[in-house]
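Please read the structure below before turning to the comments.
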Amino acid sequence: MAAVVPVTVELGFVEEAPAWRLRSEQFPSKVGGRPAWLALAELPGPGALACARCGRPLAFLLQVYAPLPGRDEAFHRSLFLFCCREPLCCAGLRVFRNQLPRKNAFYSYEPPSETGASDTECVCLQLKSGAHLCRVCGCLAPMTCSRCKQAHYCSKEHQTLDWQLGHKQACTQSDHLDHMVPDHNFLFPEFEIVTETEDEIGPEVVEMEDYSEVIGSMEGVPEEELDSMAKHESKEDHIFQKFKSKIALEPEQILRYGRGIKPIWISGENIPQEKDIPDCSCGAKRIFEFQVMPQLLNHLKADRLGTSVDWGILAVFTCAESCSLGIGYTEEFVWKQDVTETP
């Protein structure tokens, strides 16, 4: 009988990085800032990147570079996750997949240079394809300032925001607009996501250590009380303890990647069943690919806008076939699980 080959889990951590490492031509995995789009054409439009609840533009949360070995059409492959920054709408989540063959219209056939360019370069507001990007969020921008004809936006909301934060004064200085992009307090802080393989031995060892500590703390407790405690231990407690033991060795992990594995849940409530995960538009089933951990919230500084972006787990499910539908961006599925409040 052939040995079962375990599927490795890659853990993601945030790390400061020079700006050049987070640009499209470096194929980054990253948090925050503007999206480093993969295909530089056929980007998702404003309608696809609007909150289904409030209609406001979604903010770019993170992207994961996840090529599929042995799949020529997915030699380059990235997943882009967006969320709503409004306090009542942080369930407004959307995720998109994009993939390209090694030989494509946008990037060199050879690997990118490891030497960085100057980090003083201006914000990229127009792609090589000619598509304009929003000055506020870096997404596709079909709207244009009617006065200067040089500033582009994804929505009326972002045009108004930019006008209030300086474009009103800079509008007549169109030659310098690329160098005059203010901080709109809309983007999340930008970090590179670096990965390492999870040590499969760790969680069991930690769990046994935790168990020993618990046993030690229960010395002298009457047997009747122990029986009562055991009866009241809920499935919820068990799942949360399993979650804690799983991440104990690497508590700073903000992402877990493992295509086709099972996610780890933080709560016994709101765990999706197979019927809850819609099939891909191509007809194939979707499988789990990665999850965003609550630890990422510590790095987002979401409170600076007075908002309350929050989650327990964000689990991303993608087409099992990773179907190729041209160079466009295919929407996938994200499941949000909140942290259950204990009484």
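Each Cβ is built from the backbone N, Cα and C atoms, and glycine gets one as well.
Remember, predicted model here, so these are calculated numbers, not experimental data.
Copied over from Swiss-Prot, here are the features:
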{"type": "BINDING", "residues": "CYS134, CYS137, CYS154, HIS158", "note": "Zn(2+) 1 binding site"}
{"type": "ZN_FING", "residues": "134-171", "note": "zinc finger"}
{"type": "BINDING", "residues": "CYS145, CYS148, HIS167, CYS171", "note": "Zn(2+) 2 binding site"}
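A map of Swiss-Prot features onto the structure.
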residue: CYS134; record: Zn(2+) 1 binding site; contacts (Cβ under 8 Å, 6+ apart): PRO57, LEU140, ALA141, HIS152, TYR153, CYS154, SER155, HIS158
residue: CYS137; record: Zn(2+) 1 binding site; contacts (Cβ under 8 Å, 6+ apart): ARG34, PRO57, ALA59, PHE60, CYS154, HIS158, PHE186, LEU187
residue: CYS145; record: Zn(2+) 2 binding site; contacts (Cβ under 8 Å, 6+ apart): ALA151, HIS152, TYR153, GLN159, HIS167, CYS171
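For CYS154 (Zn(2+) 1 binding site), the number of other Cβ atoms no farther than 10 Å from its own Cβ, over all displayed protein chains, is 25. HIS167 (Zn(2+) 2 binding site) falls within a helical segment according to DSSP. Here the binding-site residues are CYS148, CYS171, and the one whose Cβ sees the fewest other Cβ atoms within 10 Å is CYS148. HIS167 (Zn(2+) 2 binding site) counts 23 other C-beta atoms within 10 Å of its own C-beta, drawing on all protein chains shown. For the zinc finger (134-171), the model's pLDDT averages out at 92. Those same-chain residues not listed among CYS134, CYS137, CYS154, HIS158 yet with C-beta within 8 angstroms of the centroid of the Zn(2+) 1 site C-beta atoms are PRO46, PRO57, LEU133, ARG135, VAL136, GLY138, CYS139, ALA141, TYR153, SER155. Its Cβ placed at the centre, HIS158 (Zn(2+) 1 binding site) has 23 other Cβ atoms within 10 Å.
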